[in-house]
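In what follows, a structure is listed as structure tokens, so that the remarks can point back to it.
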Amino acid sequence: MSEPDRIVSAVQRGEDIDTTMRPQSLDEFVGQKTARANLKVFIEAARSRGEALDHVLFVGPPGLGKTTLAQIMARELGVNFRSTSGPVIAKAGDLAALLTNLEERDVLFIDEIHRLNPAVEEILYPAMEDYQLDLIIGEGPAARSVKIDLAKFTLVAATTRLGLLTTPLRDRFGIPIRLEFYTVDELQAIVTRGARIMGMPLAEDGAEEIARRARGTPRIAGRLLRRVRDFAYVAGAENVTRQIADAALSRLEVDALGLDQLDRRYLHMIVENFGGGPVGIETIAAALSEPRDAIEDIIEPYLIQQGFIQRTPRGRVLAAKAWRHLGLNPPKELAQSQINLFEEE
């Protein structure tokens, strides 16, 4: 099963791009209370001074609203919004074309900035710091350096892997913001709003059931809501209750805590093949036939956040909660070995 095929994948699909479902202002945006409060201050200050907002870096797992927040920022600043992603900017000319078309105070959003070509990144430094492009025109003896003045713009970038950003690039962002997983209450509010927009009758306990299985991620909550709507429609349900939501999500193999077949396979593999751990990430990747990056970026963050696994110097170890979730009793010797592992950290 590839990552995009999972219904609980936070990777964006075409069906997830529904502009009617997206909040249009910071006041409408649910969750990320600290980030929203700080952004309001920074936006109001920049708007009052008539200046470009400092460059912003959003850090966090996929599906938490980084793109939506960038769009809201541009809307509340009253400026144009341009969007691209790191892998798309293949060469310096691509970046130059983007930057030279920006107007004063415009917002340029670069998703997956950690995947930016290193040669392109070098061009970005003076653009961010001095609002200048420093390009080499021509080759050999005829080559010459050309400086191009740029409009004072705001770069808003997003990354799921802060550690892959170079220090010079990371240090040029004046406003770093880390986004966190959402609470069940926040996701319930998002699901309720989505159902209202879709004209879908949804009981409070039905919204809560969907929210509890959405892995702390609004994008997944929206996807689960659409699939539950399909099941409810075919079943002729007039109102989506907890019972209907539970039946639909169980059919989709999403359990009560939001784990799917791949998550359970991950946990079962560590129990059955390695006695609960510790086991190294490369071994896990080989056993699951999944790329290491996918495991570290997509599967493990939620399992760690839920307290199912721990990363130790000797590898991954299942916590007692994971054993119980699988219907198993954690061995006493494993509990003792976990204590010893954390004493070594």
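Quick reminder: no glycine exception, Cβ is built from N, Cα and C everywhere.
Positions annotated as region 'Large ATPase domain (RuvB-L)' by Swiss-Prot, on the basis of sequence analysis: 4-182. The ATP binding site annotation in Swiss-Prot covers Arg22, Gly63, Lys66, Thr67, Thr68, Glu129, Asp130, Tyr131, Arg172, Tyr182, Arg219. What Swiss-Prot records for Thr67 is Mg(2+) binding site, and it gives sequence analysis as the kind of evidence. Residues or ranges marked as region 'Small ATPAse domain (RuvB-S)' in Swiss-Prot (evidence: sequence analysis): 183-253. Residues annotated as region 'Head domain (RuvB-H)' in Swiss-Prot: 256-345. Annotation source Swiss-Prot lists DNA binding site at Arg292, Arg311, Arg316, citing sequence analysis.
The Cβ of Arg311 has fewer other Cβ atoms within 10 Å than any other of the binding-site residues Arg22, Arg311. In terms of DSSP secondary structure, the region 'Small ATPAse domain (RuvB-S)' (183-253) contains 52 helix, 2 strand, 17 coil. Residues near Asp130 (ATP binding site) in space but far in sequence (CB under 8 A, at least 6 apart, same chain): none are found. Comparing Cβ neighbour counts within 10 Å across the binding-site residues Lys66, Arg219, Arg292, Arg316, the minimum falls on Arg292. Neighbours of the residue listed as 'Mg(2+) binding site', defined as other CB atoms within 10 A of its CB across all chains, total 20.
Those residues of the chain, other than Arg292, Arg311, Arg316, with a C-beta within 8 angstroms of the mean position of the DNA site C-beta atoms are Gly280, Ile281, Ile284, Ile295, Glu296, Glu300, Ile309, Gly315. Closest to Arg219 (ATP binding site) by Cα-Cα distance, out of the binding-site residues Thr67, Arg292, Arg311, Arg316, is Thr67.
Checked against Arg316 (DNA binding site) by C-alpha proximity, the binding-site residues Lys66, Thr67, Thr68 yield Lys66 as the nearest. The CA atom of Arg22 (ATP binding site) is located 32 Å away from the CA atom of Arg292 (DNA binding site). Cα of Arg172 (ATP binding site) to Cα of Arg292 (DNA binding site): a distance of 29 Å. A sphere of 10 angstroms centred on the C-beta of Thr68 (ATP binding site) encloses 17 other C-beta atoms.
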